[in-house]
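Asks: If you look up Swiss-Prot, you'll see Leu92, Val93, Val94 marked as acetyl-CoA 1 binding site. Summarising the annotation, Swiss-Prot assigns acetyl-CoA 2 binding site to Leu245, Gly246, Ile247, Gln252, Gly253, Gly254, Gly255, Leu256, Gly257, Lys258. Positions annotated as domain 'N-acetyltransferase 1' by Swiss-Prot, on the basis of sequence analysis: 16-158. Per Swiss-Prot, domain 'N-acetyltransferase 2' is recorded for 166-309, and the stated evidence type is sequence analysis.
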Amino acid sequence: MTSDDTVRPGRPRSIETLAELTPEQTDAVLALLTEAARTDGQHAVSEQGRLQLRGPAREGVVHLLLTLDGGELVGYAQLEGTDPVEPPAAELVVHPSHRGQGHGRALGSALLAASGKRLRIWAHGGHSAARHLAQVLGLSLFRELRQLRRPLTGLDLPEPRLPEGVSVRTFVPGQDDAAWLAVNAAAFAHHPEQGSLTQRDLDDRKAEPWFDPAGFFLAERDGELIGFHWTKVHAEERLGEVYVLGIRPDTQGGGLGKALTTIGLRHLEGQGLPTAMLYVDADNKAAVAVYERLGFVTHETDLMYRTET
């Protein structure tokens, strides 16, 4: 969520709510997101949100386009209502050249209406204007997602020690899809944003330029997948990411998570990348402690706000 909500008079606007975007609309939204990211230093819409711009309509996902008279796109919001328990989640952005004209508040109000006034909304990077907009909309802080980083140069981690009977290999597209989706769902049953990924979501990621199965590590015991560490390389930023790390719940507690983390970090170091990053919920004290022991420190924080329940 990125918007300067200090209201100044502007041109008439309209907001259109769509289940599916045309290719031209998708291109316009992506251009808007790129311009906003260039100004703000981070994306206002997550990777999943950007992937959901493309292709046929997705169940539970709607797009809100804010245009001025003449059709100029200056604001975008996405609402996803696929979580069976929590309110719908949203992200929004206003073009940097059109902030301070109430467009963010207009999009926020439209999101509240579309969600039946049950809403969660992200403020990536904790942008001050986004925090103010959340307050104006009557939302309360609900979640803190930390981005942690550590240098990879001079990486000094002990040799990974795998639990007895466990071996590690890399992901084979097509062959391992179903098994990975099942373990991912089990490992993140408490985290629907990750645990609800479908074959289509996986295919979307496999089609991205950054996808590299050589950095997607699978841990097996007796031929069964029990854990994984999927790494990602952000080539332009020369940044490696602990993209997703999951352990099947019935096999947790044996040190596999730490071993897989080490294997992935060593792989990223081998790519010549200077820095590694990952995301972790601030209230996941155990995971935060593990990553801090591995040398990670907080780089920035994404904030989620929601309506009072």
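Yeah, the Cβs are placed from backbone N, Cα and C, and that goes for glycine too.
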Asks: Where DSSP helix means H, G or I and strand means E or B, what are the helix, strand and coil counts for the domain 'N-acetyltransferase 2' (166-309)?
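Replies: Output for the domain 'N-acetyltransferase 2' (166-309) reads 53 helix, 48 strand, 43 coil.
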Asks: Looking only at the domain 'N-acetyltransferase 1' (16-158), what is the model's average confidence as pLDDT?
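Replies: That region's mean pLDDT is 93.
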Asks: Counting all other Cβ atoms within 10 Å across every protein chain shown, which of the binding-site residues Leu92, Leu245, Ile247 scores highest?
Replies: Leu92
Asks: How long is the line from the C-alpha of Leu245 (acetyl-CoA 2 binding site) to the C-alpha of Leu92 (acetyl-CoA 1 binding site), rounded to the nearest angstrom?
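Replies: Roughly 28 Å, rounded to the nearest whole number.
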Asks: Given the binding-site residues Leu92, Val93, Val94, which one's Cα is the least distant from that of Ile247 (acetyl-CoA 2 binding site)?
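Replies: Spatially nearest to Ile247 (acetyl-CoA 2 binding site) by Cα position is Leu92.
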Asks: What whole-number Å value do you get for the CA-CA distance of Gly255 (acetyl-CoA 2 binding site) and Val94 (acetyl-CoA 1 binding site)?
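Replies: A Cα-Cα distance of 44 Å.
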Asks: When DSSP states are folded down to helix, strand and coil, where does Leu92 (acetyl-CoA 1 binding site) land?
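Replies: It is in a strand.
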Asks: Rounded to the nearest Å, what's the C-alpha distance separating Leu92 (acetyl-CoA 1 binding site) and Gly253 (acetyl-CoA 2 binding site)? Just drop the number here, would you?
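Replies: Their Cα atoms are separated by 39 Å.
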Asks: How far is it from Gly257 (acetyl-CoA 2 binding site) to Val94 (acetyl-CoA 1 binding site), counting Cα to Cα, in Å?
Replies: 39
Asks: Quick check: which same-chain residues outside Leu245, Gly246, Ile247, Gln252, Gly253, Gly254, Gly255, Leu256, Gly257, Lys258 lie with their CB within 8 A of the centre of the acetyl-CoA 2 site CB atoms?
Replies: Gly227, Thr251, Ala259, Leu260
Asks: DSSP-wise, what's the residue breakdown of the domain 'N-acetyltransferase 1' (16-158) into helix, strand and coil?
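Replies: Across the domain 'N-acetyltransferase 1' (16-158), the residues distribute as 50 helix, 41 strand, 52 coil.
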Asks: Distance between Gly253 (acetyl-CoA 2 binding site) and Val93 (acetyl-CoA 1 binding site) at the Cα atoms, whole Å?
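Replies: Approximately 41 Å lies between the Cα of Gly253 (acetyl-CoA 2 binding site) and that of Val93 (acetyl-CoA 1 binding site).
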